[in-house]
Amino acid sequence: VYTALEKNNENSGGSYIEQQSNAYFIRGLGQVENLDDIRKIVVKNTSGSPILIRDVATVQFGSATRYGAVTRNGEGEVVAGVTLMLKGENFSEVIQNVKDRMVQVQKSLPEGVVIEPFIDRTELVGRAIDTVKRNLMEGALIVVFVLVLLLGNLRAGLVVASVIPLAMLFAFSMMQLFGVSGNLMSLGAIDFGLIVDGAVIIVESVVHHITTGKYKKQGIEKLTSDQMDTEVAESAGKLMKSAAFGQIIILIVYLPLLSLIGIEGKMFRPMAETVAFAILGAFILSLTYVPMASALFLSKKTSYKRNISDRIIEFLQRVYQRTLIAVLKVKVMVVTAVFILFAVSIWLFSGMGGEFIPTLEEGDLTVEISMMQGTSLSEVVKTFGKAEKLLKEKFPEIKQAVTRIGSSEIPTDPMPMERGDMMLAMKPKGEWKSAENRSEMMEKMEEVLSEIPGINVEISQPMQMRFNELMTGIRQDVAIKIYGEDLDVLAIQAEKIAKMISPVAGVSTPYIEKVSGLPQIQVAYNRDKMAQYGLNISDLNMILKTAFAGSVTGVVFEGEKRFDLVVRLDRNLRENISGVENLLIPLPSGNKVPLSQVADIAFKDAPAQVSREDGKRRIYVGFNVVGRDVETTVKEIQSKLNSGIKLPSGYYITYGGQFQNLQAAKGRLAIAVPAALLFILVLLYVTFRSVKESLLIFTAVPLASMGGIAALIITGLPFSISAGVGFIALFGVAVLNGIVLIGYFNQLKEEGVDDIYQRVLEGTKTRLRPVLMTASVASLGFLPMALSTSAGAEVQRPLATVVIGGLITATFLTLFVLPCLYLLFNRKEVSKAKLPKAVVIMFLVCGLLFLQQNPVQAQSTLPLTLDSAISMAVKNNLRLRSAGLSVEQARALQKSGTDLSKTEILVTQDPTSGGNMDNSLGITQNIAWPGLYKNQRKLLSKQTLLASSTSNITRAEVIREVREAWYAYLLNKESLRVLDFQDSLYKGFVNKAEVRVKTGETSNLELISARNQFQQVQALKLGVLASLANNESILKQLLNTPATLVLVQDKPIVFPISLDSLTLSKNAQVSAGLQSTEVAKARIAVEKSKGMPDFTLGYSQQLLISGFNPANINRNYFPGTRIAGIQVGVALPIFNRANRARVKSEQLSSEIAKTDLLNTKSRLMMEYNQEVQHYEQYLQSVNYYQNQGLNQASEQLRIAQVSFDLGEIGYIEYIQNVSSAVQIRLSYIEALSQLNQSAIQIQFIKGE
């Protein structure tokens, strides 16, 4: 049957025959068109009696075997689809476009068929972005209020506050420039307190200087503009250094986030980049805009009026001064107590739990349901539908429940048939009645679903589950992976581990990866019996597959649709194992035997899947962590398994999931954060030129972390990467206040305040306001994030909590502990110990070396692979950019297709019979033949496509040039390596010749020859180095980058191609030629349209005013006083000789374009054949060198070296042999170069 169907369903051609002036093509039509055609196919003809398909089979419409299904709300099956967004696209725009298209598609669907989304992330994203917006707005308002309150000057407060929108505008511009999208993560760490910090320092200093400066002492009540500029310049200049370095330090502390790689890098690098952009903008504004705005907008009056801000600060100063004096009396005790508390906090931190990132409250839930392996799809659909219906009845909070079972037709997310994901679209949490929070809701749902026998349930959130799967390959939060060889042993150990970890607090029901227990009907062939019957396994497998799975014998076309023609047994014969046993096998003799006669057929359990990781078999036990942090849970499990599980030899355990990501991120930060702190220390030294003062300020960094740790413990939050970002931000702020305070101490010393206690008391009193302002605006700016409970706040809360708690202790340290340390450090008023410049340089070099070993690369070098070089060239190349602009130019011209002539408006006055003037108003419009506008639009569209094709030619040429320069660079590097080897040989030759000349064994001629050879190699090396520099310059020009390129050789030195048959459809030149012919055709149509008639339409009104008619002649010819007129005209092309000439010219242009296209194709085909011949010729040469030449050259070198050392040959023979061997290697490189050039040209012609 299979053979008959296969041989009776095809069309064929039989060339053609010529009859007089006509050619008739012969075509045989044998393709089946309907079910009746299939039924009439002959299977066998015995004695003139044909046996047809309909005699032995039922011909009908069928369907492919299903491996999945989708159900909804327990009402039965539905059809579902998934929309995937391309990487890098705008989420909001894509979702909106999908929704718009759904509305269009809905109109074309039959009545009763409805498209309804069941997973829509627009609402969650919108709520998260609203949370960020609200937190930023509230933070900005708090910061502005605090600034105005503590500065006591509305103008000063507004000047500082104006930095916020300007810095954010700069940050958004940079985000757009660098491709950083605005989302919960990228905007989640912005603190307006940090942004305005530099401006606060400068403006506060200016206000203080105006009311206490030299002009105030001179009795000047109001400053002139010049005096104001002088005051601002002096006061801002004194603290400009501190403000600038403070913000630079904040920038530096965010560098560790830029070193994150992998998943954590993708999530937290945008956060660091956005904060860095905002701080950079604020830094620029502090140096430029803030002094200018201060001079322009602040009051020029030197008189001082006390206000509520002054009263608050004076009260705080009185309390602070009394407290500080008491603290300074016991400074050693205070410092000791602080360091003891620091040690305690570090101990508490070491025992604190951890998680990768806090769990985001998504709103919707997902239920992972699995049944026993081998459960039929129909039973799974029935059971899952029952689960949906039960949940909908018990929980009114569910809007709809949709379950995806098994694998879809296009398996983008394949699963076994016995597993499914139930997506629960939930109502807003404010409408929940069954539970108060997500955890309680999940517990109650699990309890309800436990009523259904035979299912395993695990409830999580859709995005959480999907992210876990994408990040780690496992849907659960944590996975315990067991590696080994035997799947049965792995399954047994996984069962043991699941039982041991189930009682651990925080562990949800463990899920064991199914690797065995899949029921199968196994057919084991008996080779002895097969030999007796003359059968082979291939034929038996073909029969078995065709009988039960079905085999495609051909295709049936119905218009544009195509259907596979499949042969398989009737359903009644495929329902049980007896159908397999009784399957008849045809023998070579013509008889038949059942399959059970040549094979053993039985039910058996088989492996369900074999999972590998790093080439090793593994099984995992996965679980979600509920009500507890991940790190503490895993540590308890590790302790339990280490003592309670003993694995066989060769088997071992690892931990994956979020725990793995957390450990990787912590390990990365453990290296990067100390490096950033080292940079802070170096910058502090550069600022103060004193090791003592640098260390004094630097003590605030570790001690400030006490407050962050305490805040996490008090709020019950575990350590996460979000909290780690908070610590990083905290380190920068902690240093700022120390810089301001110590800087002012030094200023007082320079002004002659020699008494150290007076210096401390006066300095702390004066700088109390800026210290409190810096701390309050930075901490209160994060307050909305710490208190927010809306969507997305879970990620921001740990960061804000750490900063607020840390700034409380940091402020205490700055105001009390730092003065104590300053007194202890300067007890003897020793001179400042200055480090030599060499030490500073050493610190910077070490830091740069560290950066080179980490993903945070210096900007001066750019590592590139060939693929990334091509991508960069396509993006940055100036020729391509110009070509792209040409396309945009052509696209812009498309709107000029409908080019109406100018509208003419006429106003006339004519004398009437009464001697007065009649007024007439008219409008006239000339309109060309309508087809002209249509053809002009078509022409412009074709010209745009031609510009695009021309741009593709430039793109192909640029890619070819990048490949040529790339491989030329690699081959020059290879040549340099060969010459370096020859250089080392001749260098040794020179040394030996010098010794032999000194001992009298040879003459100076040998030494001269050796030196000549050595110098010749040096000259060759210089030439190769020049070629390398030229190659790099070409690459830089093509990539349009000033950076030093570091080529990473991730591809073979031989450019790979395939010499298959040439099709010119992908060639850019051919595509451009085709478009040229289309443009020529469009030009003909335009010129023909220009030869058609034009039209003129006009309308006018004549106004008759009787007041201007002294003769009282009746001029109201109509009831009204307005006479309307309509004008219609047709311009006929009577003299159209010129137009016919232009049409003829365009027709000739079309023929020229077609001829050029044929010439291009012919030329490309000739070039391709030539290059293929060259390629095969060069390939033979390369194969010779690789198989024989290089080995012979190495052997020749070895023998020559040994013979020369033993004195068996002279120096002339030695030089000849070395030169010959090296020349073979260089010839091999030259052959490679020619081979690559041919290969690259072939790929260029093929359009690849």
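Backbone N, Cα and C define each Cβ position, glycine as well.
Per TrEMBL, transmembrane segment is recorded for 139-172 (among others). Beyond the transmembrane segment (139-172), the same-chain residues lying 6 or more positions past its ends with a Cβ under 8 Å from any Cβ of the stretch are 182, 190-193, 195-196, 199-200, 203-204, 206-207, 274, 277-282, 284-286, 289-290, 293-294, 297-299, 307-310, 312-313, 769, 772-773, 776-777, 780-785.
The transmembrane segment annotation in TrEMBL covers 184-207 (among others).
Annotation comment: TrEMBL describes 244-263 (among others) as transmembrane segment.
Among residues of the same chain six or more beyond the transmembrane segment (275-298), those with a C-beta under 8 A of the stretch's C-beta atoms are 153, 155-156, 158-160, 162-163, 166-171, 174-175, 180, 189-190, 194-199, 202-203, 206-207, 210, 225, 228-229, 232-233, 236, 240, 243-244, 247-248, 250-251, 254, 729. Here TrEMBL flags 275-298 (among others) as transmembrane segment.
The transmembrane segment annotation in TrEMBL covers 319-349 (among others).
Among the features that TrEMBL reports, transmembrane segment is placed at 669-688 (among others).
What TrEMBL records for 695-717 (among others) is transmembrane segment. Under 8 Å from some Cβ of the transmembrane segment (695-717) lie the Cβ atoms of residues 338-339, 341-342, 345-346, 348-349, 352, 358, 677, 680-681, 684, 688, 723, 726-727, 730-731, 733-735, 737-739, 742, 797-798, 801-810, 813-814, 817-818, 821-822, 825, all in the same chain and six or more residues away from its ends.
Annotated transmembrane segment per TrEMBL: 723-745 (among others), in sequence order. Sequence-distant contacts of the transmembrane segment (723-745) (same chain, six or more residues past either end, CB-CB distance under 8 Å): 189, 191, 194, 197, 201, 239, 241-242, 245-246, 249-250, 252-254, 256-257, 268, 271-272, 275, 665-666, 669, 673, 676-677, 680, 684, 687-688, 693, 696-698, 700-701, 703-705, 708, 712, 717, 759-760, 763-764, 766-767, 770-771, 774-775, 778, 798-803, 806-807, 810-811, 813-814, 818-819, 822.
The annotation transmembrane segment is assigned in TrEMBL to 766-787 (among others). Residues 134-135, 138-140, 142-143, 146-147, 150-151, 188, 191-194, 196-197, 200-201, 204-205, 208, 313, 316-317, 320, 733, 736-737, 740-741, 744, 793, 796-797, 799-801, 803-804, 807-808, 810-811, 814-815 of the same chain, all 6+ positions outside the transmembrane segment (766-787), place their C-beta atoms under 8 angstroms from a C-beta of that stretch.
What TrEMBL lists as transmembrane segment is 799-823 (among others).
What TrEMBL records for 835-851 (among others) is transmembrane segment.
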**OP:** Go through 184-207, 244-263, 319-349, 799-823 and flag the stretch with the largest number of C-beta pairs under 8 Å relative to the transmembrane segment (669-688).
**Re:** 244-263
**OP:** Residue list, the transmembrane segment (244-263) vs rest of chain: Cβ under 8 Å, 6 or more residues beyond ends.
**Re:** 194, 197-198, 201, 269, 271-273, 275-276, 279-280, 282-283, 286-287, 471, 661, 664-665, 668-669, 671-673, 675-676, 679-680, 683-684, 686-687, 725, 728-729, 731-733, 735-736, 739-740, 854-856
**OP:** Six or more residues out from either end of the transmembrane segment (319-349), which same-chain residues have a Cβ under 8 Å from its Cβ atoms?
**Re:** 702-703, 705-706, 709-710, 713, 719, 757, 760-761, 764-765, 768, 813, 815-817, 819-821, 823-824
Original post:
Same chain, outside the transmembrane segment (184-207) by at least 6, Cβ under 8 Å from its Cβ: which residues?
Top reply: 128-129, 131-132, 136, 139-140, 143, 147, 151, 153, 156, 159-161, 163-164, 167-168, 171, 175, 231-232, 235-236, 238-240, 242-244, 246-247, 250, 267-268, 270-275, 278-279, 281-283, 285-286, 290-291, 294, 298, 722, 725, 729, 732-733, 736, 740, 769-770, 773-774, 776-782, 785, 792, 795-796, 799, 803
